[in-house]
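Marked as transmembrane segment by TrEMBL: B:25-46, B:53-71, B:77-99, B:106-124, B:154-178, B:253-270, B:276-301. The annotation domain 'ABC transporter' is assigned in TrEMBL to B:337-584.
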Amino acid sequence: MEVFFQTLVGGLGFGAVYALVAMGFSIVYRTMGLVNFAHGQVVMIGAYAASTFYMTAHVPFFISIPVAMVVTGLIGLVIERVLRPLENKDFDLMLIGTIGFGMVLESLATIIWGATGHAVPSPVDTEPLDVFGIRIRTYSIVVLAVAALATVALVLFLQRTKRGAAMQAVAMDHEAATAVGIHVGRSNAVAFAIGAGLAALAGALVAPMLYVNPTLGGSLGIKGFAAAILGGFGNIPGAVVGGLAIGVLDSYAAGRFQAYSELVVFLVFTVIIMIKPTGLFGERTVNRA
Amino acid sequence: MRLRVGGFAVAAVAAWFLPYGLDLYGIHVIDIAIVFALLAVGLGLAMGVAGQINLAQVAFFGVSSYAVAILTTRAGFGFWTAAVLALLAATLVGVLVGIPALRMQSHYLGIVTLGLALAFTNWVTNSTVTGGADGISGIPVPPLFGIDLSSEYLYYYLELVVFGLALAFAGFVAHTGLGRRMRAMRDDSLAAGAVGAPVPILRMTAFVLASLYGGVAGVLYAGLIRYVAPETFSIANMFLLLAMVIIGGRQSILGCVVGAVALALLREALVDFSVYAQLGFGIVVVLMVVFAPTGLAGIPARLRRLVRRRRTSDHRATLRPFRPEPAGGPDRVGASLEISGISKQFRGLRALDDVSMSVAPGEIRGVVGPNGSGKTTLFNIVTGIYGVSSGSASVDGRVVTGRRPHQLSQLGLARTFQNLRLFGQMTVRDNVLVALDRSSMLAVWRYLLWPVGIWRAERDLRARADDLLERFGLTDFAEAAPTSLPYGIQRRLEIARAMATQPRLLLLDEPAAGLNGQEVGQLGEIVRAIRADGVTVVLIEHNMGLVMSLCDRVTVLASGGVIADGTPAEVAVRPEVIEAYLGDSMNTADIAAEVESEAVR
Amino acid sequence: MPRTATARLLLCATALAVATAGACSAPGSDSSSQESSDGPFKIAVVNAQSGQLSSLGQWEWKGAKLAADEWNAKGGIDGRTIELELFDDQGDPTVGTNIARKLSSEGFVAMIGTAESAVTVAMIPILRQAKIPNITSGQSPAIAEAGSPYAFYNGPTSNTYDESLARYLVDDKGHRKIALISNNGSYGKGERDAFTSALADRGITPVDDQVVTTDQKDFSAALTSIRQKAPDVLFVGAEEVAAGLIVKQARELGITATIAGAAPMGTPVYLETAGVTNAEGTVVSSPYLSNDTDEASRAFAEAYQRAHGEEAEMHGAKAYDGANIVFTALESSNGAGGAELAEAIRGTEYDGLLGDFDFDESGVGIHETSIGVITAGKLTAEPAS
C-alpha cells in the first residue's frame with residue numbers, strides 16, 4: 001500500500017512535467033497541424049537557459065524562468081518561420097524538418113554549454129512533507145501547482161482573449177478564419193511561441209529534479225509526445241491527463257518490471273493507441289481533409 | 001535509359017576496382033557505408049516510396065544482427081543458417097511493427113515506431129540472452145567456399161554482390177506494379193484504395209521490405225564487426241539514417257544510396273568534429289526539407305525542368321478529343337445498384353437517414369441535392385470508405401457494404417472524387433497504370449521467384465495504358481505531373497483513371513465542377529460513351545443543365561433523406577424539390593420552365 | 001533488339017571476367033603499416049567527446065595529455081617525442097571499429113581508452129589483429145573475456161572495488177542488512193554482479209535488489225520498496241549522474257541507510273547532483289580517493305591544475321597512470337611496438353597514483369582499492385583496518 005501511494009506521488013511529480021511538455025506539443029498541433037519533434041530539444045534549451053541564468057546571475061529561480069521562456073519563444077518563432085513554406089502542404093516533411101531542428105539544437109547546446117552538463121540546486125530547500133508515511137517533496141508540489149496554473153492560464157487565454165479566439169478559429173478552419181480577416185501566419189507564430197514557452201517552463205522546472213545536459217531533451221520529448229497523443233492530440237485537458245498518466249505509468253512500470261519498464265511503457269502505449277487512435281479525449285486539430 | 005545502363009556499368013567497374021586504391025582503414029569505412037546504404041534503401045522504400053513513417057529501421061537492423069549473434073554463439077548454428085533465420089526474424093518483427101500502420105499514419109506512426117525501437121533497445125540492454133549492455137562478441141567469420149572473409153577486402157566483395165542484388169531488387173520493386181501501387185498509396189491512400197490498390201496489405205509490405213533490408217544489413221554487420229552491442233542501434237543512429245535518406249532523396253532508391261554513402265563518409269571525415277558534423281547534418285536536413293524536398297536525387301530533375309521551362313514554350317501539348325470507341329465487348333452490361341435503408345450517424349449527427357434507391361443496369365442516374373444533404377456520404381458508403389450505421393448496398397445482388405475500397409474495385413466499382421484526388425507526384429501515365437493493374441497481391445511471390453513474369457505483365461500494361469490515354473485524348477500529357485495540368489484535364493484524367501479499372505458501375509462526384517461550358521459538353525459525351533460501353537453511371541452534380549440532359553433518372557436528397565426520385569422532368573417540377581433545393585426565395589415557375597426547356601434539349 | 005541485348009550481355013560477362021581475374025590478386029595485401037624507427041611515437045586517445053559519457057572522455061584526455069607533455073619535456077622516449085592524438089568514438093561501437101582500423105593504418109603504436117566497455121570490446125579484435133596494445137579505463141569483465149593479450153585495464157575491475165567495499169561494510173563495520181539498487185547499463189550491471197558475489201562470499205543475501213534503467217528519472221517505486229526493508233546500507237551501482245539522482249531521491253524519501261558505492265560516488269559530479277547534504281556519509285571504494293593522499297597525488301594535482309586550470313579527479317589520474325605505463329613500456333621495449341610492447345606493458349611494474357601496477361594474465365594491473373567517506377563535501381580516507 002505504501003509502495004502504491006509513494007509510487008503514485010513520484011509518478012505525479014514527473015507527470016506534471018510531462019503534462020507541460022505535452023501541452024506544448026498540443027498547442028502547436030491544434031493550431032497548425034504540425035508535430036514538433038524538436039520540442040524535447042527546446043525543453044532542454046529552456047532548462048539550460050533557466051539554470052544558467054539562475055546559477056550565474058544569482059537571481060531567484062522563479063525570475064529566471066520567464067527569461068528562459070523568452071529565449072525558447074524566440075527559437076520557436078525561428079522554427080515556425082523557417083518551416084512556414086511547408087505549412088498545409090506536406091506534414092511528413094515538416095515533421096522531418098523538426099527532427100533536423102532537434103539535431104541542430106542539441107549540437108548547439110553541446111557547443112555552447114559543453115557536453116558535460118551541470119546539476120542544479122533545488123530552489124525550494126525544505127524537508128519533504130510526511131503524510132501517513134508517504135513522503136511528498138515540496139518541490140513536486142510546486143511543480144504540480146505551476147503546471148495547474150499554466151493549464152488554467154492557457155485555457156483562459158484560448159477562451160477569453162481575442163488572440164486566443166482567433167487561434168481557436170484557425171484551429172477549426174483556417175480557410176474560413178482567413179476569410180474573416182484572421183492572420184493565420186501570426187496565429188501559427190503565436191502558437192509556436194507559446195508552445196516553446198511551455199517547453200522552457202517544463203525544462204526549467206525539471207532542471208533541479210534531474211541533471212541538465214544536451215541529451216536531456218530526448219526522452220522528455222518522446223514521453224511528452226506520447227502523453228499528448230495518449231490524451232488526445234491537440235486537446236489541452238487531454239495533454240494534462242495524458243502527461244500525468246504517462247508519469248504514473250512510467251513509475252508503476254519501473255516498480256513492477258524494473259529495468260524492463262521502458263519496454264512495457266511503450267508496448268502499453270502502442271496497444272492503447274491502436275485501440276483508440278484519437279486518444280482518451282479525442283483529437284483536436286486543424287481540419288485538413 | 002542507355003545512359004543509365006552505362007552509368008551503372010561504370011559504377012560497377014569502379015566499385016570492383018575500388019579496394020585496390022584503399023588501405024585497411026579505407027575499406028573498413030566503405031564496408032560500414034555499404035551497411036548503411038542497405039539500411040537507407042529499406043528506409044527509402046518504406047518512407048519515400050510507400051509514405052510510411054518508419055523510425056524503427058535501426059530495430060530491424062538490430063534484430064537481425066542480434067539474431068545472428070545469438071544463434072551462432074549461443075545455439076551453435078552455422079553463420080549462414082543463422083543469417084537466414086535472422087532475416088526471417090527481422091521480417092517477422094517488420095510485420096509486427098507494421099500492424100500499427102493499419103490503424104494510424106503520419107506522426108502517430110512516427111511515435112509508435114520510435115517507441116517500439118526504444119523498446120527493442122531496452123530489451124537487448126536487459127536480457128541475458130543478448131548479453132545485456134556488454135553485448136555479444138565472438139561471432140564467427142562467415143565461411144564461404146574457402147574464401148577468407150576475415151579479410152575486409154574480400155568481405156567488401158561479398159557486400160558488393162549482396163548490395164548489387166539488393167539495389168537491383170529495390171529498383172525493380174520501385175519501378176514496377178508493386179512500387180507504383182505503394183507510391184499511389186503514398187500520394188493518396190483513399191484514391192489508391194478506390195482504384196484497387198489493397199492499402200492495408202501494401203502498408204504491411206512496406207514494413208516487410210524495410211525490415212528485409214534492415215535484416216540483410218544486420219547480417220552483413222554481424223559478419224563484419226563480429227560483435228553487437230545496444231549502442232549501435234541507438235536513436236541517434238536512427239536519426240542519422242533519416243538524415244541520409246532525406247538528404248539523398250527519399251523517393252529515389254539511388255538517392256538514398258548516395259545520401260547514405262555520402263553521410264557515412266562525411267561522418268568519418270569529420271570524426272574529430274562530431275558535434276559540428278551533427279550540427280551540419282541538422283542544418284542540411286532542414287534546408288533540404290524546405291528547399292529541396294526531393295533531396296539530392298531530385299536536383300537534376302529540378303534543373304531539367306528549369307531549363308525546359310525556359311526553352312519549350314513554342315511546343316504546346318494539347319488535349320485531344322475523346323474517342324468514343326467501345327473498349328469492352330458489345331455484350332457488356334452495366335451493374336445494378338441497390339441501396340436499401342442506409343443510415344449513417346456521425347457523432348450524433350445523422351448524415352443519412354434511411355436512404356433507399358435502386359439503379360438499373362446501364363442507367364445514368366443523377367443524384368442531386370443541396371450542400372450537406374449527404375450525397376458524398378452516400379458515395380463514400382457505397383465505395384467502402386465509410387461503414388454504415390444500418391442498412392446495406394448491393395451491386396448486382398452482391399452486398400458491398402462492409403467491404404474495403406480495393407475489394408469493391410475488384411468487384412467492378414469505380415469512382416471519382418469531388419475535389420480531385422490524383423496521385424500528385426506520379427506521372428499521368430502512372431496514374432492510369434495503377435488503375436489498370438488488376439493483379440492480386442498474392443502474385444507478389446513472383447517478385448522473388450519469377451521477375452520475368454512481372455516484367456512481361458508490365459510491358460503489357462504499358463501498351464494498354466497508351467491505348468487508354470489515346471482514347472481519352474491525354475497522350476500529350478503522359479509524362480506530365482497531374483498537378484501541373486489545367487483543371488479540366490485533371491478532371492478528365494480522373495475519369496480515365498476510373499475507367500482504367502474496367503468498372504461496371506461508375507460513381508462520379510461532381511464531375512463538372514470547375515469546367516467551362518465546352519468542357520461540360522465534352523463530359524456529357526464521355527459519360528454517354530461510357531454508358532454505351534456497358535457501364536452503369538451514377539453522378540452527383542450541381543450543374544442542373546447537365547443532369548437534366550444526361551440522366552435517365554434523378555434522385556433528390558435533402559438533409560440526409562430521399563425526397564424525390566424519377567425522371568428529370570418529373571422531379572424538377574415537384575414543389576418540395578424546388579423548395580429544398582433553392583429555398584422559397586425564387587420563383588418556382590421560372591425554374592420549372594427552365595428545367596423543361598433543358599429536358600427538351 | 002535481341003542481338004544488341006546479347007551483345008550487351010557478352011560485354012558484361014567479359015567485363016566481369018576481367019574484373020574477377022583482377023580480383024584474384026587480392027587487394028590491399030601490402031597493407032600492414034610499417035613502423036618507422038625514427039620520428040615521434042604516435043599514441044591514440046580514444047574516448048567519447050560528445051554524449052552522455054563525454055565528461056569521462058574529457059578528463060581522460062587531460063590526464064593522458066599531462067603525462068605526454070611531461071615526458072616530452074624530459075626529452076621523450078629515447079630522444080623520440082610522443083605524439084598524442086584524440087579520437088572521438090561518440091560512444092558508438094561502429095565508430096569505434098572505424099577508429100581501430102584508422103589506428104592500424106596510420107601507424108599508431110598504442111591506444112589509451114575507451115571509457116565505454118561496449119566500444120572497447122568492439123575494437124579489441126581489430127586492435128589484436130593490428131597488434132596495438134590498448135589500456136582501457138573501462139572496468140567491465142567483458143574486456144577480459146575477449147581474451148586479447150593486447151588489452152589492459154588502467155584501473156581495478158568491479159570485483160576489486162566491490163570486494164574492498166564488502167570487506168569494509170561487512171567485515172569491519174558489521175552491517176548485514178544491505179540493499180542494492182543498480183542500473184542496467186554496462187557499468188551498473190558489472191557493479192551489481194560483483195557486489196552480489198562479494199556479499200555471497202560472506203553469506204549475505206541482499207534484503208532488496210532493485211534494477212532501474214539508465215535513463216529512468218523517478219525511482220519512487222524502487223526506493224519505497226527499499227525503504228520498507230529498512231536496510232543499514234544502500235549500495236548504489238550506477239554512473240555519476242544516475243547515482244546522484246538515486247541518492248537525492250532516496251534521502252527525500254527518508255531513507256537513512258548508509259550509502260555505498262564505487263568510484264563514481266567519489267566524483268564532484270555525484271556530489272553536485274545528489275547535493276552535499278544528501279551525499280554526506282557516502283562510503284566510496286576507489287583507488288584514488290583524493291588529490292591529497294600522498295606526495296605523488298599532490299604533485300599530479302598541482303601539475304594538472306596548472307595545465308588544464310581545473311581540479312584533478314580520478315579519471316584523469318587513471319589515464320595519467322595508463323599513459324605513463326605505456327611510455328615506460330615503450331622505453332623498455334626500445335621503441336618496439338606490437339607484441340613486444342604488449343609484453344613490456346605486462347612486465348611493467350609501476351608505482352602509480354592508483355597504486356602499484358602489476359599486470360596479470362587478464363590485463364588487470366590494480367588489485368586493491370581504498371575506502372573513503374564523504375564528510376562535509378570532501379572525500380576523506382578511512383584508515384585501513
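Using N, Cα and C of the backbone, Cβ positions are placed for all residues, glycine too.
Here the transmembrane segment (B:154-178) has Cβ contacts under 8 Å with residues 12, 15-16, 18-19, 27, 30-31, 34-35, 37-38, 41, 44-45, 49, 142, 144, 147-148, 205, 209, 213, 216, 220, 223-224, 253-254, 257, 433, 437, 439, 444, 447, 451, 454-455, 457-458, 461 of the same chain, all six or more residues outside its ends.
Contacts between the transmembrane segment (B:106-124) and the transmembrane segment (B:53-71): present, as 3 or more C-beta pairs lie under 8 angstroms, all at sequence separation of six or more. The highest tally of CB pairs under 8 A with the transmembrane segment (B:253-270), across B:25-46, B:53-71, B:276-301, is held by B:25-46. Within the chain, the transmembrane segment (B:276-301) has long-range Cβ neighbours (under 8 A, six or more residues past its boundaries) at 240, 242-243, 245-252, 254-256, 258-259, 262-263, 266-267, 270.
On the 0 to 100 pLDDT scale, the model's mean across the domain 'ABC transporter' (B:337-584) is 86.
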